[in-house]
Amino acid sequence: MPELPEVETVRAGLARRVLGRTVAEVEVRHPRATRRQPGGAAELAARLRGRTFTAAVRRGKYLWLTVGEDDDGRSQTPPSEALLAHLGMSGQMLVQEPEGARRAESETVAVGEHLAPAGERHLDLTATLPPTLVRDVPATTAHLRVRLAFTDGGELWFVDQRTFGHLMAVDTVPTGDGAPGGYGSDAAVLPEPVAHIARDLLDPALDRADLVRRTRARRTEVKRALLDQSLVSGVGNIYADEALWRARLHGTRRTDLLRPAQLRDLFDAATEVMTEALAAGGTSFDALYVDVDGAAGYFARSLAVYGRVGRPCPRCGATLRREEFMNRSSFSCPRCQRRPPVRA
DNA sequence: TAACGATCCTGATAGC
DNA sequence: TGCTATCAGGATCGTT
């Protein structure tokens with residue numbers, strides 16, 4: 001499931017592969033992919049055709065490509081429009097290069113495949129992912145939802161099996177605080193639909209003391225707060241569980257009853273686990289297959305509790321448990337993460 | 001106004 | 001073999 005580290009991996013790939021390229025044609029192959037686009041698929045195509053991508057930016061799990069030049073090639077500062085993307089649970093951005101161009105070895109390549117540091121040759125995905133994941137890197141159009149053709153013959157594909165992700169071409173609005181709207185651009189703007197999304201834990205402009213204050217002002221369970229993108233963005237179910245385990249907190253602890261130091265530790269833990277995952281190129285592009293095929297070795301490098309029910313806690317050895325929470329699964333250690341007493 | 005639960009969706013898998 | 005139920009979960013929307 002794409003959370004912040006996975007989305008950042010994709011953003012960095014887009015920054016390398018599609019900036020400076022001009023959209024020639026847009027094909028929407030599944031209406032759900034543009035369900036949030038005012039005016040639908042036709043509007044998306046009309047707003048992108050002839051436009052050039054100028055920056056790849058991310059806030060939390062949202063990423064966008066600014067279209068900073070108009071049809072006459074005049075640059076707009078700050079960028080006033082963007083192609084906004086959310087990958088949902090299974091979304092991928094794939095770049096298809098024209099025959100014989102740029103990458104001699106190129107076929108369809110996941111934008112997040114760049115596990116090698118910038119400047120080095122892209123790693124071959126088939127050599128870095130377990131077989132179960134390699135199978136999921138498609139040269140197929142089975143789940144191709146939107147196809148952007150560039151004027152140079154290349155293409156950008158939005159592939160999304162479960163159709164929770166979406167694309168939309170929208171106007172940008174000022175951030176309000178003058179700080180950059182997201183990672184990847186200095187422009188103090190962000191797409192209008194993202195205006196309510198809080199800054200994420202890797203954002204230098206995030207006020208962490210204020211985050212602790214706002215979290216304690218909530219009267220809710222701490223895992224629910226971690227997943228609330230309007231409080232702090234980028235954290236999904238996987239890294240929420242990992243952060244809670246590192247901070248030794250059960251997800252049902254009340255935010256208003258936690259000490260500031262406990263919340264600071266929790267946010268530090270979330271920052272830490274996502275930073276580590278980012279360094280590894282993201283946990284996975286589709287965790288689904290890990291459960292199904294048991295490719296635990298890949299996950300085990302960075303995940304202590306998620307998906308590991310019945311296994312020993314890496315810290316104390318107690319048997320990890322799975323609980324229902326918000327219609328989701330939560331994984332935790334019964335010894336390190338005591339459930340709070342049920343209050344009347 | 002804040003909190004919270006239902007809902008959307010697809011495909012793999014388990015169970016019968 | 002084929003059918004049905006279950007599971008995964010981010011964001012939004014309606015209800016409390």
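Every residue, even glycine, has its Cβ placed from backbone N, Cα and C.
Over in TrEMBL, the protein carries these features:
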- A:P2: active site, schiff-base intermediate with DNA (ACT_SITE)
- A:2-165: domain 'Formamidopyrimidine-DNA glycosylase catalytic' (DOMAIN)
- A:E3: active site, proton donor (ACT_SITE)
- A:K61: active site, proton donor (ACT_SITE)
- A:H143, A:R162, A:R218: DNA binding site (BINDING)
- A:304-338: domain 'FPG-type' (DOMAIN)
- A:R328: active site, proton donor (ACT_SITE)
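Recorded features from TrEMBL, shown on the structure.
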residue : record                    : contacts (Cβ under 8 Å, 6+ apart)
A:K61   : active site, proton donor : A:P2, A:E3, A:L4, A:V7, A:H86, A:L87, A:Q229, A:S233, A:G234, A:G236
A:H143  : DNA binding site          : A:S90, A:V159, A:D160, A:Q161
A:R162  : DNA binding site          : A:G88, A:M89, A:S90
A:R218  : DNA binding site          : A:A225, A:L231, A:T255, A:D256
A:R328  : active site, proton donor : A:N237
- [ ] Other Cβ atoms within 10 Å is the metric here; tell me which of the active-site residues A:P2, A:E3 scores highest.
- [x] A:P2
Task: Where A:R328 (active site, proton donor) sits in the secondary structure, as DSSP reduces it to three classes - done: strand
TODO: Would you measure the largest Cα separation among A:H143, A:R162, A:R218 for the DNA site and round it to whole Å?
DONE: 40
Task: Model confidence over the domain 'FPG-type' (A:304-338), averaged pLDDT - done: 91
